Amino acid sequence: MNGWVLAATVELAGGGAAALWGVTTGPTARRVVAQNLTTAALCPALLLLAQGYGRPSYVDLALLLALLGPVGTLVFARLLHEDLEGQRPSAWGLTYAVAAMGAVVVAAVCAATGPGRAMVKLLVIGALLVGGNLIASRALSGAFRGVRGG
Amino acid sequence: MDEAVILVALLLVAGAATAAVAQRDPARQALVLSVLGVLLAVLFTVLQAPDVGLSQLAVGAVLTPLLVMLSVRKIRRRGRDRDGAR
Amino acid sequence: MRHLLPLLVAVPLLGAALLAAAGRRLPRAAAELTGIAAAAVTAALSLVLLLGSSPPMVEWVGGWEPVGGESVGIEVIGDGPSLGMAALVSLLALSALAYSWRYFDEPPRGHAGSFPALMLVFQGAMCGFAIAGDLFNAFVFFELMSVVAYALTGYRIDEAKAVQGALTFGVVNSLGAYGMLAGIALLYARTGELSMTKIGRGLDGATGHGGPDALVLAAFVLVFTGLLVKAATVPFHFWLPDAHAVAPTPVCMLLSGVMVELGVYGVWRVYGTVFAGPGGIPAADLTRALLTLGVLTAVTGAVMCWYQRHIKRLLAFSTIAHTGLFLVAVGVLTPEGDDGAALYILGHAGVKAALFACAGALLDRFGSVDEHALHGRAGRLRATAVLFAVGGLALAGLPPFGTGLGKAVSEEAVGGPLTVVYVAVSALTAAAVLRVTARVFFGLGPPPEDTDAYETSGSEEEPETSGLVGRVPDTMTTVAAVLLAAALAVGTVPGFGDLVARSVDEAGSGGARASAAWTAHGVLLGLLSAVLAVALAAVTVTRPRRPAAPAWTTPLRRLQSGHVGDYVAWLLVGASLLAALALPGVLGG
Amino acid sequence: MSRRLRLWLLALGGAGLAALLAAACLDLPGFGGRAHPYGTRAVHASLTRHTANTIASVNFDQRAYDTLGETSILFAAVLGCVVLLRQARDEHRARPEPARVALPVRRYALLVMPVALVCGLYVIAHGQLSPGGGFQGGVVTATALHLLYLGADYHALERIRPLGVFETTDALAVCAYLVLGLAALLAGTAFLANTLLPYGTFNTLSSGGTVPLLNAAVGMEVASAVVVLLANFLDQAVEIEEESAG
Amino acid sequence: MSTVTQVLPYLVAAYVFLTGAYGLATSRNLIHAVGCLSVCQVSTYILLLAVGYRSGGTAPVFSDIKPGSRPVVDPVVQALTLTDIVVGATVTALLLALVLQIVKRHGTVDPDELRELRG
C-alpha cells in the first residue's frame, strides 16, 4: 500500500476516463480540448507513479509527456484550424483547474524529493506542463486563424 | 494495490482502443489515437516498462497523429482544389 | 566459417546503405553496378557457406556462445535448407537486378540508387529470415522483408492498380505478422525462451501430463497464420494476385519466385523445430491441416489462373497453385515430401521468374499485358515466344526440368489420389500459359470475345521503361533464358537431386534418408501433365467459341473482390479454420 | 462481396478466433508470474557487461542483431516513403503562403525547441543508464525540429532542414552500425560482439563497451529518418500539387 | 490475486486485437483502416508486456537502484516491444504514403469504390 500510487490511480482513473469521454463525444473543437487536457491530467499521474515506485528515473516519462503533449495539441490546432474556426473551443476554467492540479502535484513531489538536481528536473517539468498546457489552449482558441497554404 | 492501478490502466486502454475503432472520421480517430498513445505510455509505466513507455510517448503522442493529420490535410486540400477547379 | 553467417544479412544491407548515402552523387550506371556487386558477393558467400554446411552450422550472433546450454544471444542456423534458400534468394536477386539494368525510367530525383538499394534490403531480409534460428529474429526479418516488399510493389506510383495492390498487400501481411508476433508472445509465456530449439524443448518439458493444450494450439494457429499469409494459402491468398500482378517485373520475380516459398519454408522450419515434439501439435493434425489447405490452395489457384486474361495476374495465380502443391508435399511429413518440395521450389523459382521476365518484356514492348488486347501482336518477339512456351511446358513438369523432378518426387511422397491433384493442377496452370503463348505470340485461333465483366484487364498499363521500347533489351531475354536453363539444370545435373535430398534430410528431424532421382513413374506423370496442358490449350485456342466458364467458378471469382475488408475477414476465418483443423489432437491429448 | 456477407464472415472468423484466444488466455501462466528464465539470464549478462539499463543491454548487446533488423526496417521504410511520395510526373510544387501564428505560440515554439533538442540528446546519451535510448531520443530530437513548422511556417522549417544531409546521415548511421558489427568480426570474435572496448565503470556514460556507440548510431539514424519521413509527408501536404487541379 | 486479475491483461490484449480487426474489415476510409491496423498492433504490446510482468517487480534499470535489491520484471519482452513499436510506426507511415497515392490515382479513400483489381 502506497499513498503515491493510490493518488496516481485516482488521478489516472478520473483524468483518463474524463479525457476518453471528452475525446470521443461532441464537436471536433471540444475533442481537441479534451486531447489537450489529457496531457495535463496524465503527466502528474506519471510523476506520482515515479514517486510511488521509488524510481526517480521514471520521471523522464513525465518530462517527455510535458514536452511532447502540447506539441501534439499544436499539431491538431494547426492542421484542424478550419474545423476549429467559428467555434471558440476554450474551456479556460477547466484548463486552469487542471494546470493548478499539476502544479500541486509537482510541488508535493518536490517536497518529498528535497532539494537537488532531481528537484530542478521536477520544476522544469512543472514549468513545461503548465506553460505548454496554457499555450496549447491559447493555440486552440484561434492562434492559427490566418494560416492558409502553409 | 499495484494491481489496481494496472487494472485501471488496462480498462482505459481497452476503452480507448474501442473508441479509436469506432471513430470513423480519420481526423477524430487521430485525436483518439493520440490519447490512446498516452494511456498506453501510462500502462507501460505501471507494467514497469519505462523504456517502452518513452518510446510509445514519442511515437504515439506526436509522430503517428502528425502523420495521420498530414495525410488528412493532403486529402482535404486535394478535394478543395478539385472543387475549385470545377 | 560459421562466423560468416550473419554476413548474408550484413553485406546486402551495407550495400544498400552505401547506395542510399551516395545515391545523390552517383551516376545511374555506377549505382546499379554497386547493387549488382553487393548481390553477387552475397550470392557467392551463400554458395561457399552452402558447400560447407555439412554438418549444419550454428552461430551465436554477438559471440554469446551458450554456457551450460543457456545463451542470451540470437541463434543463426546454417544448414542445407536455410543456406539453400539464402542462395536461391541471392541468385534470384542478382538476376532481378541484372534484368532491371538500365531499365526503369525516372528514378526519383536525386535518388538513382533507391531501387537497387531497396532490392538489396529485400535480399538481405529474405536471407536473414532463411537463416534465422530464433523465433523473434525470424519475425524481425519477416517484417523487414514485408516492409520492403510493400514499398517495391507500389514503386510505380503512377499506376492506379499498383498502389492499390501494394496497400492490400501491406494491410493483410501486417495483420498476419502481428498475429505471428502474438503467437511468439504466447510461446514465450509458456517456455520463457525465444530460440526455436529451446521453445520446442520447453513445450515438450512443459507437457509432462498429456499433450498440447489450448495455449499451444493458439500459438500454433497465430504463428502459422503469419507464415501462411506469406505463403498465400487459401483463404489467406487474396492479397497475392493483387500485389504480384502490379509490382514491377523484377520485383515480381523475387515475390513469386522466392518470397512466397519462404512462407512454406517457414512452415517447415517452425513446425520441425518448435511444434514437432510431444508437447507440440501432433503430426496427424498438422498433416490434416496442411493437406486440406494445400489442396484447396492448389485447386483454387489453378482454376483462377485459367480464367485470367491479365498475364501477370495469371502467373500470380499459378504461383498460388504451386504453393499449394509445395504445402501438400511438406504436409505429409516424410523425408521424401521435404525433398520433393525443395526440388520443386528450386525449379519453380527459375521457371516462374523466367515467365515473369517474359511478361515484363511484353509490357515494355506493347504497354499491355492483356491476353485479349495482345492477340497476335507479339509475333515478332521470337526469342520471348520460345522462352514463354518452354516456360509453360516446364511449369507443367515436363521432364527433365527441375519442376518435373520436384513434382515427380513429391508425387512419390504423397501417393494415392493426391497424385491426381499434382497432375491436374500443374497441367491446368501450364495450359493457361500455353494458351497465352498461342494467342499472343502466334496469333492462333480467333480473338477471344470480351464477355465477362468481373475481371481485371491488363491493357492500358504504363510500360516500366521510359516509353515503349522498340525491341526487347538483350539483358531481359538473356536473364529469362539463364533462369530457364537453371531450372533445367536442377533436373538434369546428375546427382543434384540426391545432393539436395541429403542436405534437406540432414537438417530435418529423424535423419532418415531418401533419394531423389528420376523414376519411370515420375517421367510418365510429367509427360502426362505436359500433354494434357498442350491439349487443353490447343482445344481452347482452336475452338471457335470460348467455352463459357462453368457456373460454379463465378462465386469463386467474385470472392477475389479487391476489397481489403473482405481479405481481413477471410484472414480471421482462415485462422479459425486452421484451429478447427488442428483441434482434434488437442482435444484427444 | 456484399457488406452483409462480409459481416457474417467476420463474425464467424472473429468468434472462432475469440474462443481460441480466450481458451489460450486461461492456459497462460497467471499474470505477474515468477518464472522468466531468459529474463533472469539477460539481467545477469547485462550486469557482467556493466550496462545499468538491462533493456539497452538486450537491445544493443545481447540481441543487437534484432536491433540491426529493426534499424533496417526504419531505413527501408524511409527509403520506401521517399520513393512512394516522390513528385509524380503530373505534379508540381507550389510555394505555400507564409503563415501568421499568434505571438505566444510562436514564442513558446522557439523557446521549447532548444529544450526539446537537449532532452532528445539527453535521452539518447543516457540510453545505457536510465530509461531511454537511441530510438526514443531520436524521435524526440526529430520532433523538436518540427516545432519550427508549428510555431512559424513551412518555409522556416525548410531553411534549417537540409534534406540531403539528413538522408545521407540516415544511411551513414546504418553503415556505422554495420561497420561496428563487422569490426568485431574482423577482430576475431563474432558479428556484433561487444568485445572491442573495455566495459568501463558501472553506471557511467562510457560503460557497456560498444553499447553506447551502437545506441548513438541508432539515435542518429532514427532522428534523421524521422526528419526525412515527416519532410516527405509535409511536402505532400503543403507543397506538391497535381497539374490537373491547376 | 483473484482469477480475474490473473487473466484480464491477456483478455484485454485479445479483445483489442479483435476490435482492431473488426474496424479494419468494416472500414469505409483507408486512413481509418490504417489507424485500426495500429490498434491491432497495440494488442501485441499489451500481450508481450503482460507476459513479462512479475508481481512486485520493478524495471531492470539499475541507474537508481542497487542490483539485486528488488525483484525485477523481464527485460527481454521490453526489448521486443520496443522493436515492435518501431515496426508499427514505420508500417503506419508506409501505408499512409500508399493511401495518399491511392487518393491521387483513384480519387477516393473508400475501399468500396476501388474497383480496379478483381476476378
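Cβ from N, Cα, C; glycine included.
For C:449-464, the entry in TrEMBL reads compositional bias 'Acidic residues'.
As annotated by TrEMBL, domain 'NADH:quinone oxidoreductase/Mrp antiporter transmembrane' applies to C:132-409.
Within its own chain, the region 'Disordered' (C:449-470) is flanked in space by residues 103-106, 156, 158-159, 161, 245, 248-249, 307-313, 360, 363-373, 546, 548-549, 554, 557-558, which lie at least six positions past its ends and keep a Cβ under 8 Å from the stretch. Summarising the annotation, TrEMBL assigns region 'Disordered' to C:449-470.
Same-chain residues lying 6+ beyond the ends of the transmembrane segment (C:30-51) with a Cβ under 8 Å from its Cβ atoms: 1, 4-5, 7-8, 11-12, 14-16, 18-19, 22-23, 57, 78, 80, 83-84, 86-87, 89-91, 93-94, 97-98, 100-102, 112-113, 116-117, 119-120, 123-124, 127. The annotation transmembrane segment is assigned in TrEMBL to C:30-51 (among others).
TrEMBL lists C:83-101 (among others) with the feature transmembrane segment.
Here TrEMBL flags C:121-153 (among others) as transmembrane segment. Away from its own ends, the transmembrane segment (C:121-153) comes close to residues 5, 8-13, 16, 39, 42, 46, 58, 74-78, 82-83, 85-86, 89-90, 93, 162, 165-166, 169-170, 173-174, 177, 180-181, 184, 187, 194-197, 199, 223, 226, 230, 243, 246-248, 251, 254-255, 258-259, 262, 265-266, 270, 273-274 of its chain (Cβ-Cβ under 8 Å, at least six residues beyond either end).
The list of residues near the transmembrane segment (C:165-189) in space but at least 6 beyond its ends in sequence, with Cβ under 8 angstroms from a Cβ of it, reads 135-136, 139, 142-143, 146, 149-151, 153-154, 199, 203, 215, 218-230, 236, 238-239, 242-247, 274, 562, 564, 567-568, 571, 575. According to TrEMBL, the feature transmembrane segment maps to C:165-189 (among others).
Per TrEMBL, transmembrane segment is recorded for C:214-233 (among others).
Per TrEMBL, transmembrane segment is recorded for C:288-307 (among others). Outside the transmembrane segment (C:288-307), and at least 6 residues removed from its termini, the chain residues within Cβ reach (under 8 Å) are 228, 232-234, 237, 241, 267, 314, 317-328, 330-332, 418, 421, 424-425, 428-429, 431-432, 455, 549, 553, 556-557, 560, 577-578, 581-582, 584.
According to TrEMBL, the transmembrane segment annotation covers C:314-335 (among others). Beyond its flanks by at least six residues, the transmembrane segment (C:314-335) meets 231-234, 237, 240-241, 243-245, 252, 256, 260-261, 263-264, 267-268, 283, 286-287, 289-291, 293-302, 304-305, 308, 341, 344-345, 348, 352, 355-356, 359, 371, 395, 407, 410, 413-414, 418, 421-422, 425-426, 428-429, 432-433, 436, 501, 504-505, 508, 510, 512-514 of its own chain at Cβ-Cβ distances under 8 Å.
For the transmembrane segment (C:341-363), the list of distant contacts is 81, 84, 88, 92, 95-96, 99, 249-250, 252-254, 256-258, 261, 264-265, 268, 311-312, 315, 318-319, 322, 325-326, 329-330, 369, 374, 378, 381, 384, 387-388, 391-392, 394-395, 401-407, 409-410, 433, 440, 461, 463-464, 472, 476-477, 479-481, 483-484, 486-487, 490-491, 497, 500-501, 504, 516: same-chain residues at least six beyond its ends, Cβ to Cβ under 8 Å. Annotation source TrEMBL lists transmembrane segment at C:341-363 (among others).
The transmembrane segment annotation in TrEMBL covers C:383-402 (among others).
If you look up TrEMBL, you'll see C:414-434 (among others) marked as transmembrane segment.
Beyond its flanks by at least six residues, the transmembrane segment (C:476-496) meets 91, 95, 98-99, 103, 343, 346-351, 353-354, 357-358, 360-361, 364, 383-384, 387, 390-391, 394, 399-406, 518 of its own chain at Cβ-Cβ distances under 8 Å. Under the heading transmembrane segment, TrEMBL lists C:476-496 (among others).
Sequence-distant contacts of the transmembrane segment (C:516-539), counting only residues of its own chain at least 6 positions beyond either end whose CB sits under 8 Å from a CB of the stretch, comprise 336, 339-340, 343, 392-393, 396-400, 404-405, 407-409, 411-412, 419, 422-424, 426-428, 430-432, 434-435, 437-438, 491, 497-498, 500-501. The feature transmembrane segment is assigned by TrEMBL to C:516-539 (among others).
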Spatial neighbours of the transmembrane segment (C:214-233) far in sequence, C-beta under 8 Å, 6+ residues away: 135, 139, 142, 146, 172-173, 175-184, 186-187, 189-190, 203, 239-240, 259-264, 266-267, 270, 274-275, 279-281, 293-294, 297, 319-320, 323-324, 327, 571, 574-575, 578-579, 582-583, 586
Non-local residues, at least 6 beyond the ends, that sit with Cβ under 8 Å of the transmembrane segment (C:414-434): 291, 295, 298-299, 301-303, 305-306, 308, 314-315, 317-318, 321-322, 324-325, 328-329, 332, 337, 355, 388-389, 391-393, 395-397, 403, 407, 525, 528-530, 532-534, 536-537, 540
Residue distribution over DSSP helix, strand and coil in the region 'Disordered' (C:449-470): 0 helix, 0 strand, 22 coil
